[in-house]
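Participant: Following this message is one structure expressed as structure tokens.
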Amino acid sequence: MKVVCMLVAILAFTSSLVSAYDPSPLQDFCVAVKEPDGVFVNGKFCKDPKQVKAEDFFLHVEPGNTNNPTNAQVTPVFVGQLPGLNTLGISLARIDFAQKGLNPPHTHPRGTEILIVLEGTLYVGFVSSNQDGNRLFTKVLNKGDVFVFPIGLIHFQLNVGYANAVAIAALSSQNPGTITIANALFKANPPISTEVLAKALQVDDKVIEELQKKSWYDQN
């Protein structure tokens, strides 16, 4: 009986690991293709390997336009932009910051992020879960510095230098997803009840109504 219980526990543990991350590929590559009439649960359909070209693994990334409310721009290189990433379990993003630019608090529900600063100075941080007391971990990063944001935790990056900044973020999923906290709360479709938000944030209904009227910028 003990052996059976142990076997069940091991299977539960391993299956949870498998479901938490992108699946391992069983072939050299699986370039994503759009199939409008197809149905899939996770990932993308594969292009015929004989039709695959070098261009399927290539993408040129231009600097992002930081002329927006946060003065920062995230340019994702996920499977949606680079089909050759399909099944490979990785992606990246270029983040451009004007002076005082902010990549606002957000999470990646399906990927850990590791960030390297190419130019400038960034103040970065993440907040641990409720069970860990919502501790804030922060660091000022300069050119060449690297910082890791654990999977699913709220994190941010702020340009605190005197010039523009550029960073590259690598992620452990071909499609890590992004949830910008302000957008999720105040621009949900349909809107979250004012009563719910007012009680959760312990503010007056009018404060919530004003926040819902604002143009919250989505950083992808």
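Cβ atoms here come from the backbone N, Cα and C positions, even for glycine.
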Participant: Could you identify, going by TrEMBL, the member of Cys5, Cys30 that forms a disulphide bond with Cys46?
Facilitator: Cys30
Participant: Within 8 Å of the Cβ centre of His106, His108, Glu113, His155, which other residues of the chain have their Cβ, at the recorded Mn(2+) site?
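Facilitator: So the extra residues in range turn out to be Thr107, Gly111, Phe126, Phe149, Leu153, Ile154, Ala169, Pro176, Thr178.
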Participant: Of all the disulfide-bonded residues given, Cys30, Cys46, which residue's CB has the most CB neighbours within 10 A?
Facilitator: Cys30
